[in-house]
Amino acid sequence: MGFVKQAIAAFAASLPVFIAGSWLTWPSVALYKWQTKEYVLPFTLDESQSSWVVATMDLGNILSPVPTGYIMDKLGRKNTLLLTSLVFLASSLLTIFAQSFYWLLLARLLAGIGKGVGFTVVPMYIAEITDKEIRGTLSTMFTGHLYGGVLFSLCVGPYIQYQTLNIILGVVPLVFFITFMFIPETPYFFIIKNNDQDGARKSLEWFRGKSQSIDEELDEIVVTTNDNMKNKSGYKELVLNYSYRKALIIVLVSSFLQRLSGVSTILSYASTTLPEHHGFIGRNECLIIFSVLLVITNFACSPLVDIAGRKTLNMLSALLSSVVMLVMAAAFYWDLDYWVSYLFTSLFGITYSLGIGIIPTTLLSELFPPNVKGSAASVASIAFAMASFLINKFYKIVQINLGLYSMFLFYAICSFVHVLFTIFAIFETKGKSFQEIQNILKKREVTQSNEYILNDK
């Protein structure tokens, strides 16, 4: 029963990520409908303005994580997530009633803010409510919902009216608000806020069911959280503290390289940049296959996170993604048949979600103690957003001036760098408690301290 409730809570908490995923691929659908005059905007957009509409969501994502880290430590993880429903609803309304280019920019900015909040809070919420034995599995709910949102926009969007899609994207936040109201706050937040052990116990009993192990787990949460909260918290500590700094480097580099794998531009631009084909499988159908494979692979590989381990999956995924992008670059350089780029775009849905699409988020939820977890999540979310913004904004510029193949060659190189980084910098966290992970991060720090003592003697 405990697993079921934890799974339900993780599913409900991840709905803002589903909405964010839908808004991520909304430009791919919208740009196609605008260019084909299927929907005529009451104003005109040139190429530069269109690229800003795509990229502004990432700007909103950059702006939101820092205040989100503060808000979720004051209001709680649950209440902070509930606020995203209002942000996404406002984004939808602005899109529906847009009267100028700036209305769309504001709508995309708000969608990015909602995405930033979701990307910051959801991994932490899931990590703080789940047993360590299933933490890796349930953490894939995050990416599962993200890909589900991607799948929704790409599968449903092309076949319904433009405004119908916008209305649906306004209804889902309301469904989330009503659903998530009945899910408890995390036990960790009760201890962080007021050392409220009664509240933490009730939360644990809801997520685990009443059992003797509740007392043992509560004691561990209290001791671990209070010990960590004695340490200084904030962004400064992420840099000054050795173990925090090491964890931050692992998460930031993994997050940045994940975005530089090419997934952002495929989600946003593929419907207008893939070779056009009017047969049974066209560009829209290729994107549907890509997004379906993202979702299926994510859920099929969820158990592997806790079986094969984070490091192995990330390394294999990055290597295969590098090969796929290299073939894509060759296809665009030599202008190969349309089916080559269609096939390898679809294969990228598998290679990406096998590891590099899910592991950075899992590591974010595992590597940091409660006193700096909010700050770390904020910085990681900014890294995701900055990489996506740069790629989405300059994609068209590079395509026009250097050729499309050059972008995919760049993606291949970045994924291979991700392989090397995984081998030499990431350690395995499978099956380890938060305290065990912190002990691993502190090992070198302790060794260095001992060396200094010996040298002094």
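Here the Cβ of each residue, glycine as well, is placed from N, Cα and C on the backbone.
Annotated in TrEMBL:
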TRANSMEM  6-26  transmembrane segment
DOMAIN    14-430  domain 'Major facilitator superfamily (MFS) profile'
TRANSMEM  81-103  transmembrane segment
TRANSMEM  109-126  transmembrane segment
TRANSMEM  138-160  transmembrane segment
TRANSMEM  166-183  transmembrane segment
TRANSMEM  287-305  transmembrane segment
TRANSMEM  312-334  transmembrane segment
TRANSMEM  340-364  transmembrane segment
TRANSMEM  376-395  transmembrane segment
TRANSMEM  407-427  transmembrane segment
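Scored on C-beta pairs under 8 angstroms, the neighbour of the transmembrane segment (109-126) with the top count among 81-103, 138-160, 287-305, 312-334 is 81-103.
Most Cβ pairs within less than 8 Å of the transmembrane segment (6-26), among stretches 138-160, 312-334, 407-427, belong to 138-160.
Within the same chain, residues 249-250, 253-254, 257-258, 260-262, 265, 310-311, 314-315, 318-319, 321-323, 325-326, 328-329, 332, 356, 363, 395, 398-399, 440 sit at least 6 positions outside the transmembrane segment (407-427) and bring their C-beta atoms closer than 8 Å to a C-beta of that stretch. When the stretches 81-103, 287-305, 376-395 are ranked by Cβ pairs under 8 Å to the transmembrane segment (166-183), first place goes to 81-103.
Long-range contacts of the transmembrane segment (287-305) within its own chain (CB-CB distance under 8 A, at least 6 residues past either end) are made by residues 25, 28, 136-137, 139-140, 143-144, 147-148, 150-151, 154-155, 266, 270-271, 274, 281, 313, 345-350, 352-355, 357-359, 362, 430.
Residues of the same chain lying 6 or more positions beyond the ends of the transmembrane segment (81-103) and with a Cβ under 8 Å from any Cβ of it are 13, 16, 19, 23, 41-43, 45, 49, 53, 71, 75, 110-111, 113-114, 117-118, 121-122, 125, 163, 166-167, 169-170, 172-174, 176-177, 180-181.
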